[in-house]
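Sequence annotations record features per position, and here TrEMBL assigns domain 'Cyclic nucleotide-binding' to 44-147, 292-382. According to TrEMBL, the domain 'DEP' annotation covers 168-243. Residues or ranges marked as domain 'Ras-associating' by TrEMBL: 442-481. Marked as domain 'Ras-GEF' by TrEMBL: 546-775. Feature annotation from TrEMBL assigns domain 'Protein kinase' to 738-834.
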Amino acid sequence: MVAVQTSPSSCPSAEWICCLDKRPSERSGEDVDIILTRLREVKGFKRFPSPLLLQICACAFYECLEKGITLFRQGDIGTSWYAVLSGSLDVKVSETANHQDAVTICTLGIGTAFGESILDNTPRHATIVSRETSELLRIEQREFKSLWEIPSEKLQRTGKVLRNAILSRAPHMIRDRKYHLKTYRQCCVGTELVDWLVLQSACVLTRSHAVGMWQALLEEGVLNHVDQELGFQDKYLFYRFLDDEEEDTPLPSEEEKRESEEELPETILFLAQIGPDSLLRMILRKSSVKRELASVVIFESHAKAGTVLFNQGEEGTSWYIIQKGSVNVVIYGKGVVCTLHEGDDFGKLALVTDSPRAASIVLREDNCHFLRVDKEDFNRILRDVEANTVRLKEHEQAVLVLEKSPRSSTLGSIKYTVISGTPEKILEHFLENMRMDIHHNDPVLLKVYCSDHTYTTIRVAVAATGREVIGAVADKLGTTDELLLVHLSSAGEKQMLKPNDVSVFSTSSINGRLFSCPRDQLSSLTPLPDQEGPSAGSMSTFELMSSKDLAYQMTMFDWELFSCVHEHELLYHTFGRQSFRRTTANLDLFLRRFNQVQLWVVTEVCLCGQLSKRVQLLKKFIKIAAHCREFKNLNSFFAIIMGMSNPAVSRLSQTWEKLPSKFKKFYAEFENMMDPSRNHRSYRLTVTKLDSPIIPFMPLLLKDMTFTHEGNKTFIDNMVNFEKMRIIANTIRQHEDLLFYENCGGGSFGSVYRALWISQDKEVAVKKLLKIDKEAEILSVLSHKNIIQFYGAVLESPNYGIVTEADHPHQLSSKFCRADEEMLASRAKGASTV
């Protein structure tokens with residue numbers, strides 16, 4: 001008996017059991033993966049080679065025995081091998097033929113394997129009875145014998161010849177290697193093995209061909225991955241020959257090296273023939289490849305025996321799998337060399353190596369059915385196994401290999417991971433695509449203009465204050481005059497910036513500029529010519545672009561800006577960034593983007609001189625807004641609608657009259673979402689119906705935070721008002737179903753808030769319970785749709801005594817000032833009639 005050493009926690013899950021209950025022929029690749037994942041958690045199976053584990057997953061069954069069930073008796077001829085997954089079984093032996101005389105000699109616990117007598121068909125040596133409810137993994141005799149088989153002598157010899165040849169020609173390839181503080185004994189690297197094999201013989205046509213040759217040895221356990229992975233890869237991964245698995249393996253003698261050198265050409269030729277089969281099996285294990293094959297496979301049938309599918313020497317055009325019937329493989333001068341039956345495949349060698357057919361295929365019987373994959377589809381799948389690799393080539397050499405990341409952006413953009421490449425190209429890729437975190441002391445270049453419209457460029461920190469900017473300008477100009485820092489808009493409006501204003505560079509408006517001048521020159525400041533904006537619209541190119549593509553690109557750009565905004569920036573903006581001396585640059589840029597889109601709409605419409613084209617523009621913007629809403633980009637959606645609601649656009653009555661009624665209806669619907677009544681209820685209801693992630697309407701989010709900040713004291717009795725902080729935190733997170741407006745009072749029972757119950761479209765009062773252990777009892781007997789978890793949120797039922805519709809929000813606290821457990825209990829009893 002063999003101990004497998006599992007743990008009690010390794011009992012099969014329901015999903016695993018369902019997979020094991022299926023017939024082996026009905027198990028999908030996904031089922032095998034589920035079983036394999038579960039088996040790898042079992043300690044005893046971790047040392048099993050991956051090909052062996054894969055075979056176990058494909059043929060094992062699940063058995064559950066109740067207490068007192070006899071699995072088999074002493075003297076029976078065995079049919080299966082077992083491993084205990086949970087429970088225990090008694091082993092009983094009898095010296096007589098009477099089973100009642102059997103004596104329990106031991107107990108098989110979790111992790112024990114037994115039943116290996118099926119290898120030689122000898123009778124069972126003991127009786128096995130379940131001591132308690134037990135779960136077993138069972139493998140039938142035929143499959144167990146195939147699992148027990150050692151690698152074929154030919155492949156074992158092949159592995160030995162290759163190992164000896166490597167030790168003779170390139171001994172540095174097999175050595176101890178250290179990776180992540182762990183040492184792996186006597187290992188080779190996958191890329192080095194491929195390089196070496198390609199150089200040994202002209203019959204190794206490509207690196208992919210070499211991978212298939214090493215895969216053939218990996219499948220038979222002659223070569224193993226140090227972490228028992230299933231497939232051989234042309235990467236910096238460690239592999240070990242079977243002979244090196246044991247410690248202190250002796251090096252080959254000079255005689256063995258000489259013999260291996262003589263056998264090497266024949267050995268490589270043999271591997272070159274079986275390599276494509278192994279490579280194909282490795283590829284076909286992947287679910288994505290199975291899906292691709294399912295979409296391109298073609299059914300083909302032939303009625304008469306003797307039909308020739310293809311002749312030796314012809315160009316390979318298809319790969320075949322025999323679904324029904326059999327065929328003969330015929331070679332000129334040798335006749336029939338073998339026969340292929342159902343499940344066998346043929347024809348792939350000519351596709352992989354792009355060589356002529358090596359044999360003719362003749363139907364052996366009538367009515368044969370085949371599954372055919374044509375060369376173009378076969379090579380496409382083989383070339384790009386998962387369709388997830390991008391190779392950048394220069395002078396026919398791959399200089400950068402990228403792989404699609406499994407976690408791509410939720411908005412559809414594809415992200416890539418660098419797999420390999422030249423140092424120069426990898427560095428270039430990182431510099432172009434990697435976005436570094438911004439810090440408040442990072443330097444930025446800032447243009448500051450003088451009254452004569454000349455400018456000076458200074459280098460300041462992102463979070464530089466107005467005082468620091470003025471100091472840098474004075475140093476650059478070499479002046480000792482007292483300077484002012486002024487923001488000048490395109491309309492000529494002047495805003496003097498305070499010395500303690502933080503992150504000055506990001507506070508400019510769309511067409512605004514920063515000016516620095518002495519106080520006596522302030523009145524002479526005039527806008528720059530380029531601040532006046534464009535003089536002609538872009539209708540000629542704008543109308544050629546797809547509305548959906550424009551909305552998508554706007555969403556991608558907005559998402560990039562929004563994802564850079566840290567939650568802390570919202571707090572700095574609400575409480576005043578001067579208090580923290582921290583930058584809100586990302587938030588400023590995102591808010592500026594809203595204004596930019598809004599004014600873009602106004603500018604395009606107003607610069608369009610033809611009535612018909614203005615109508616087309618309005619239609620275009622309505623379409624773009626609709627697509628932005630579809631992409632859950634509410635920021636650009638509202639920016640476009642607010643741009644169209646601008647008086648400069650809304651006053652164009654003739655243009656709006658020409659707009660088709662369909663688009664007027666859409667626009668009216670969109671305008672309703674902007675309705676500010678009832679605290680923007682329409683917008684908030686729309687947001688609750690959208691799945692994350694979304695790009696929110698940022699001005700409203702900031703308004704909610706400002707309202708909470710200004711409507712609630714930060715300190716109460718010289719102590720921090722944590723309730724205010726929690727409300728602000730909930731506003732930022734945007735995950736709560738209840739949006740809290742105001743704390744209306746509280747006491748020993750807890751606190752009462754005025755809030756919007758978003759999912760129910762109700763304005764409610766919410767009681768946050770403090771003494772949950774006592775009041776939960778009361779709430780548990782109440783049955784009303786306005787009770788949410790342990791929040792009492794009631795508008796319509798006065799019997800509850802918590803909140804009534806008639807109560808004015810500012811009088812809600814009076815309901816609770818005298819509320820104790822007894823009074824609340826008596827009111828709860830009265831609620832039973834509701």
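Residue numbering: from 1, along the chain as shown.
The backbone N, Cα and C atoms fix where each Cβ goes, glycine too.
TrEMBL: automatically predicted annotations, no manual curation.
Between the domain 'Cyclic nucleotide-binding' (292-382) and the stretches 44-147, 168-243, 442-481, it is 168-243 that has the most C-beta pairs under 8 angstroms. Only residues 6 or more beyond the boundaries of the domain 'Ras-associating' (442-481), in the same chain, are considered here, and those with a CB under 8 A from a CB of the stretch are 497-506, 513-518, 521, 524-525, 528, 581-583, 585.
Mean predicted confidence for the domain 'Ras-GEF' (546-775): the pLDDT average there is 81. Mapped onto DSSP classes, the domain 'DEP' (168-243) shows 31 helix, 20 strand, 25 coil. Across the domain 'Cyclic nucleotide-binding' (292-382), the DSSP tally of helix, strand and coil residues reads 19 helix, 41 strand, 31 coil. Secondary structure of the domain 'Ras-associating' (442-481) per DSSP (helix as H, G, I; strand as E, B; remaining residues coil): 12 helix, 15 strand, 13 coil.
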